[in-house]
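Asker: Take a look at this one; I'll ask things after.
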Amino acid sequence: MSAKAISEQTGKEFLYKYICTSSAIQNRFKYARVTPDTDWARLTQDHPWLLSERLVVKPDQLIKRRGKLGLVGINLTLDQIANAKGILKNFLIEPFVPHKQEEEFYVCIYAAREGDYVLFYHEGGVDVGDVDAKAQKLLVAVDEKLNESDVKKHLLQHAPADKKDILASFICGLFNLYEDLYFTYLEINPLVVTKDGVYILDLAAKIDATADYICKVKWGDVEFPPPFGREAYPEEAYIADLDAKSGASLKLTILNPKGRIWTMVAGGGASVVYSDTICDLGGVNELANYGEYSGAPSEQQTYDYAKTILSLMTREKHPEGKILIIGGSIANFTNVAATFKGIVRAIKDYQGPLKEHEVRIFVRRGGPNYQEGLRVMGEVGKTTGIPIHVFGTETHMTAIVGMALGHRPIPNQPPTAAHTANFLLNASGSPSTPAPSRTASFSESKPDDIAPAKKAKPTAPLGKATTLFSRHTKAIIWGMQTRAVQGMLDFDYICSRDEPSVAAMVYPFTGDHRQKFYWGHKEILIPVYKNMSDAMRKHPEVDVLINFASLRSAYDSTVETMNYPQVGGIKPGCFKIGNTGGMLDNILASKLYRPGSVAYVSRSGGMSNELNNIISRTTDGVYEGVAIGGDRYPGSTFMDHVLRYQDTPGVKMIVVLGEIGGTEEYKICRGIKEGRITKPVVCWCIGTCATMFSSEVQFGHAGACANQASETAVAKNQALKEAGVFVPRSFDELGEVIQSVYQDLVAKRVIEPAEEVPPPTVPMDYSWARELGLIRKPASFMTSICDERGQELIYAGMPITEVFKEEMGIGGVLGLLWFQRRLPKYACQFIEMCLMVTADHGPAVSGAHNTIVCARAGKDLVSSLTSGLLTIGDRFGGALDAAAKMFSKAFDSGIIPMEFVNKMKKEGKLIMGIGHRVKSINNPDMRVQILKDYVKQHFPATPLLDYALEVEKITTSKKPNLILNVDGFIGVAFVDVLRNCGSFTREEADEYIDIGALNGIFVLGRSMGFIGHYLDQKRLKQGLYRHPWDDISYVLPEHMTM
């Protein structure tokens, strides 16, 4: 759920259009919007009531408590409104509704995890006060409906008796509207009920933006205005448009365009952590933007995002220079080097402005191929002269912020992490793998005698110890996610599992089959089913579903089978979900192939890898880790997992990474106070920067937004600390606090680390090894005419957009794809003319005849076309190449036309391209005449054509139909254009003739005609063709007829 605020006008428009109630709602659609561009004459023409009624005017810019701030003008005339001036620029004008104070009420509906709450208070208006404490409240649970009797019983106890029926009907209608249009918050204050009916005076609302695909018809194009105090920038709209067109996540919010600290962070959770750290270190007034890029964006998308940031930050100079933080946690599956290519391109394009504005860049990243990405980033700093400092997973994620702001020194030579390949190709003992480590704590066999955060009460109930995953966990994968499945199998193998954790896959778009994967060094087959029911029936041992379905099909497939919905999870030595934990190098570096003593639960999936890294460097490793997701209401909660960890003997301490929004962290506080949680808990809630911003910011996660003071990260961190949780002062100190708690447990012998046992080695996949540049192999194919791998299609080095911009046409494209170069305009036009004149020559020729027979036999278009094309050869349509070669050889040898004709007659050979069954010197072929006129007018030289025309004079003097036919003309004219257009050398021109390029013109042109004949026969609904007997001469041997 992504709760986004909408304007009051939009909210009222939805309400007036779609509410269904017996209450008489007044002033429907009676409002006028005013902006700085409003034409007042047109406004009064569209809304004549503005001139005759008393009015109310108020800014419609998501301003809270407008009435208290004196921003609502009431009982005014239009002249009074038009003369008002100020910095507010979007206003709503409505009729003034005279009413009594006792006719004002308060109504609010908002979403919670357990359902939707309806609040009602019998007083309304600007002085309503703390409605959370005052109002009557009714919870409508998920899938339940609201009825009028419940409204009257639970909400309207203090409402006037004569208005209860009207209010009950309206509230029920409002709730149905709220559900149907996917509101997440809907507040009306005041709601006025008079003898005339119901008036909605002031309204505030939020809708679930992710429901756009469901509500698009009713919503239309919804505008989401920025919070008051922050302007909407075109760059934000540009990035939002990129985001909408991409499967990746691209977000940008401009906080202070004149700020000196800019960020470009990968990951929703990481982006919040970096903003927190900048604000914690005193940079809140200089923080220019909030944003994120994640979900494996392409190089072009990353480039577009990066150049937008660089363009913004190089518009105004700052006396102290500027800082760019390119940060992120450890990626699960994003190829860091690939995304960095886009950033590097942008830096090169903006190197001049970056140096002029004295920009320093600090980079910290981890994940697949991050070492290559950091190397490339460092190199671009050296070549451009821009100060770029790069760091990998050996450096704490937010340490670069302290370096950038001068709070900690910049290391001269940071430790170099081993290359990705070192973890996979070498045996154990990589120098970058942290040590000492362990396979299992000796303490696991001991009773649970850890030091409690608070002494447990004797009466505290003990829950049943549960575990999500074990070494025997079996999963079904929904979706054809071969990379994720192979990652799971590799994890299983290095954990020394007896058999793979993936039992089957479900993919409804293909039939049942088997998919090949690797189990260590050998290949195995995993069944793929079209239906979930078949997979469940044939694999009863499966207890986990991992769902990669899209948002449109996720619900049905999940409801059918999944018991524990969550973004990702990993239990070292046992099981991992999909891409969680990243690739093998990160799994090995973070020691996830065997259990440690620390269990964690995180909101952010991306930050889970960072927790793996922190915990592996400060403790004996992770016992289990779960990321529940950044939604407002994820499938499982913090408390679900914390209680499991509390009841699991192998877990000795618990780490929680919460965030702004929601109240789940308070349940942990209660659990500790009640004695239900006794193990040490380390917790930090990210999003502390939100309280420092002057306007509301929607962070990357949908649930990362505080709707009340208690949901802020600052309030939750304070409450956790007071409850006895170990809370660091910032995320920067999280690792230190975890290490301190761990060392205390080791000192008390609660945890006794064991020696490391090397995991089995796993071969690297060929495709990944090649991407890393570790191996090379001769390509199976070579091509030099087209490249589809980049952001746009390229023909012979020319982007497809340029092809259209230059209006190259079919002839120009053919020049690029056939001849790898741009041909002159006249040559392109000649090619198109050749295609037109060879397109068809009637149904009687062999190719068309074959196509027709096939079409009438019920064959498909491709089969029929192929049947016709197979007849093309020396006797039909193949004379272009032969004529070109024959005439070229004669011309190049220097023999005169008469000698050529006599020579061919003496050798008993036909002159290819000469002769026609119907046309003659007296009945010329107009196709040849059209081409001849064009060639003579536009070609720079036509020596071979002139030679062929001299030959024609000799042959037609003997027989009038021995003319230069269309095949011969095209053949010799094409030789002239290749040799004389200036685009080819003589050798290149001759090579294209020798390899059969000219026959391609006839094949391409005649294909149009064959397709026409196929469509014609289908359109005429012609039946199976059978050749008539009387058109066949039956000649049989005599003894066969006796």
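Just so you know, glycine gets a Cβ as well, placed from its N, Cα and C.
What TrEMBL lists as active site, tele-phosphohistidine intermediate is HIS701. According to TrEMBL, the compositional bias 'Low complexity' annotation covers 427-443. The domain 'ATP-citrate synthase ATP-grasp' feature in TrEMBL is assigned to 2-219. If you look up TrEMBL, you'll see 230-406 marked as domain 'ATP-citrate synthase citrate-binding'. The domain 'CoA-binding' annotation in TrEMBL covers 471-569. According to TrEMBL, the feature domain 'ATP-citrate synthase/succinyl-CoA ligase C-terminal' maps to 601-725. Per TrEMBL, region 'Disordered' is recorded for 426-459.
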Asker: Please count the residues of the domain 'ATP-citrate synthase/succinyl-CoA ligase C-terminal' (601-725) that DSSP assigns to helix (H, G, I), strand (E, B) and coil.
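Answerer: Across the domain 'ATP-citrate synthase/succinyl-CoA ligase C-terminal' (601-725), DSSP assigns the residues as follows: 52 helix, 21 strand, 52 coil.
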Asker: Select the range from 2-219, 230-406, 601-725 that forms the most Cβ-Cβ pairs under 8 Å with the domain 'CoA-binding' (471-569).
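Answerer: Going through each listed stretch, the top one turns out to be 601-725.
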Asker: With DSSP helix as H/G/I and strand as E/B, how many residues of the domain 'CoA-binding' (471-569) fall in helix, strand and coil?
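Answerer: In the domain 'CoA-binding' (471-569), the DSSP-based counts are 28 helix, 30 strand, 41 coil.
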Asker: If you average the pLDDT over the domain 'CoA-binding' (471-569), what number do you get?
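Answerer: The answer is 83, the mean pLDDT of the model over that range.
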